[in-house]
Each structure stands twice: as C-alpha cells, then as structure tokens.
Amino acid sequence: MPVTAMCLQDSKKLKKAKLTRKKVTPFPFSRMVLCLSLVFTLYVEATNARCLRPRSKELLCGSELVDILQFICGPTGFYVSKGASFRNRNRPGIVEECCFCGCSVAILESYCAAPVTNFTGREEQKS
C-alpha cells in the first residue's frame, strides 16, 4: 500500500472520529432563568422557615425593641444571652424572634432579667 493511500485512510479515520464526538449544547437562557428563580424561591422559603410559629403583626427591631423591653421589664431590666454560637442555641435570639418573626408580650417578658434578691431571699427595692 502506498504511503499516500495510508495517509488518506488515516485522515478519513480522524474525520470519522471528529464526527462521532458529542456536541456540547449551550445551556439555554430560559433554563438558566428558571434555575435561578427556583434557587431564589428556595432561599426565600428557607429564610421564612426559621419562624416556627405564625408571624405576629408587630415586628420590633432596633430602638423600638429596646424601648418596649425597657417598658415591659421595668426596673429589673433585660438581658440578651451572649456567647452562644448560632448552632448551639436551643432557642432563637430576641432579634430573630421579634424582628424577623414578630413576638408577643410573653416572649418579650421571657427576656426580662430576674429581680435582684439579697441573701435573705427578699427582693431588693431599687431607687
């Protein structure tokens, strides 16, 4: 077999090999929009899912939250737990409860500090 015939046969084999490759089709824009909208919807639903009970109408955030806590707790004051990492908390923080989900007076009262007691067990009066 002559060399030119071998080269022609090899080139035909290469052309066939090139033709058998799968073509990568571009991802259609409509599918990309659909996927992104699904991801966004899942994100929104996940953020709403952190409210385990139905949302109340009143959302309290920032200075409004502090003012209402001072009003409800009175002279005993209030506390916000510190140092607990997000994963180790057994209950959401006051901001998650009242600012994102809305909270009731009972939840606000649960953040009031306990009255200061002296060693006789009687409640001290603050002036």
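From the backbone N, Cα and C atoms, a Cβ is placed for every residue, glycine too.
Copied over from Swiss-Prot:
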DISULFID  CYS61-CYS99  disulfide bond
DISULFID  CYS73-CYS112  disulfide bond
DISULFID  CYS98-CYS103  disulfide bond
REGION    49-80  region 'B'
REGION    81-92  region 'C'
REGION    93-113  region 'A'
REGION    114-121  region 'D'
SIGNAL    1-49  signal peptide
**Asked** Compared by Cα position, which of the disulfide-bonded residues CYS61, CYS73, CYS112 is the closest one to CYS98 (disulfide bond)?
**Response** CYS61
**Fill in**
Reduced DSSP state (H/G/I helix, E/B strand, rest coil) at CYS103 (disulfide bond) is coil
**Asked** Going along the chain, which residues six or more apart from CYS73 (disulfide bond) have their CB under 8 A from its CB?
**Response** GLU109, TYR111, CYS112, ALA113
**Complete:** Close in space but at least six residues away in sequence, with Cβ under 8 Å from that of CYS61 (disulfide bond), the same-chain residues are VAL95, CYS98, CYS99
**Prompt:** Just counting, how many other CB atoms are there within 10 A of the CB of CYS99 (disulfide bond)?
**Reply:** 16
**Asked** Where among the disulfide-bonded residues CYS98, CYS112 do you find the Cβ with the fewest other Cβ atoms within 10 Å?
**Response** CYS112
**Item:** CYS103 (disulfide bond): tally of other CB atoms within 10 A of its CB
**Value:** 24
